[in-house]
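Asker: Pasting in a structure now, in structure tokens, and then I'll have a few things to ask.
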């Protein structure tokens with residue numbers, strides 16, 4: 001997938017004779033959003049903006065496996081019909097709590113921004129993610145955010161679309177995070193930025209797919225007790241050694257920060 005750390009640093013890039021650009025970041029840190037950065041599933045959180053803070057039962061029952069994006073399109077249309085508008089959605093997203101320890105992890109990344117390139121890959125929506133990251137004061141930490149496109153139409157309704165199409169049989173039809181991560185690494189490699197290590201912080205089943213593509217140089221941080229964690233454990237039992245990345249489960253994101261801090265101390 002890329003060249004891994006072999007004890008050799010990344011080469012400096014040059015502009016003209018003797019003019020070196022700043023050294024590129026050594027590590028890529030990938031975040032999920034729902035139940036990783038924030039303590040809730042933001043798609044469920046928006047229901048708080050509905051009258052009575054509930055959805056009609058027929059709408060709730062219309063959800064089908066693998067078609068969650070389409071289900072959320074119907075939910076947002078219903079909320080629009082109920083008069084929920086941009087300011088209402090923004091208030092809900094801004095008030096979703098961060099997961100335990102996440103402020104400490106963000107503080108660590110801010111202090112070490114020259115070493116870490118940070119991206120976010122989420123099956124939520126761009127409007128909600130950006131609203132929360134700005135409210136938390138951490139939007140600038142992220143080089144790029146990959147999520148389902150969302151915008152407000154002429155009626156003031158929040159609309160949602162699929163991120164892309166793909167052929168992965170393990171992921172929902174609208175998003176394969178492995179495809180996004182693989183393409184991002186290839187794009188950065190073309191720009192002469194290749195990372196010594198990739199760190200992936202997630203919780204869900206759709207975070208397991210990209211984590212399988214990590215190498216033995218990389219680290220997967222599954223939230224303890226959540227689907228990604230259970231799936232890594234199951235894979236290790238069924239196929240010992242098949243999951244190549246180091247697995248570091250976490251309950252508080254401060255544990256992720258401490259692990260990365262120790263790694264920097266070892267200067268690996």
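Residue numbers in this text run from 1 along the chain shown.
Quick reminder: no glycine exception, Cβ is built from N, Cα and C everywhere.
Any TrEMBL annotation is an automated prediction that lacks curation.
From TrEMBL, for reference:
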type: ACT_SITE; residues: 32; note: active site, nucleophile
type: ACT_SITE; residues: 34; note: active site, proton donor
type: BINDING; residues: 32, 34, 203; note: Mg(2+) binding site
type: BINDING; residues: 43, 123; note: substrate binding site
Asker: For the recorded positions 32, 34, 43, 123, which one has the sparsest Cβ surroundings, going by other Cβ atoms within 10 Å?
Answerer: 43
Asker: Which are the residues of the chain, 32, 34, 203 excluded, whose CB is within 8 A of where the CB atoms of the Mg(2+) site average out, their centroid?
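Answerer: Apart from the listed residues, the neighbours are 33, 35, 36, 37, 122, 202, 204, 207, 223, 226.
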Asker: How many neighbouring Cβ atoms, not counting its own, are there within 10 Å of the Cβ of residue 203 (Mg(2+) binding site)?
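Answerer: Other Cβ atoms found within 10 Å: 25.
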Asker: Write down the Cα-Cα distance for residue 203 (Mg(2+) binding site) and residue 34 (active site, proton donor), rounded and given in Å.
Answerer: 8
Asker: How far is it from residue 32 (active site, nucleophile) to residue 43 (substrate binding site), counting Cα to Cα, in Å?
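Answerer: The separation of the Cα atoms works out to 14 Å.
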Asker: Rounded to the nearest Å, what's the C-alpha distance separating residue 203 (Mg(2+) binding site) and residue 123 (substrate binding site)? Just drop the number here, would you?
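Answerer: About 12 Å separates the two Cα atoms.
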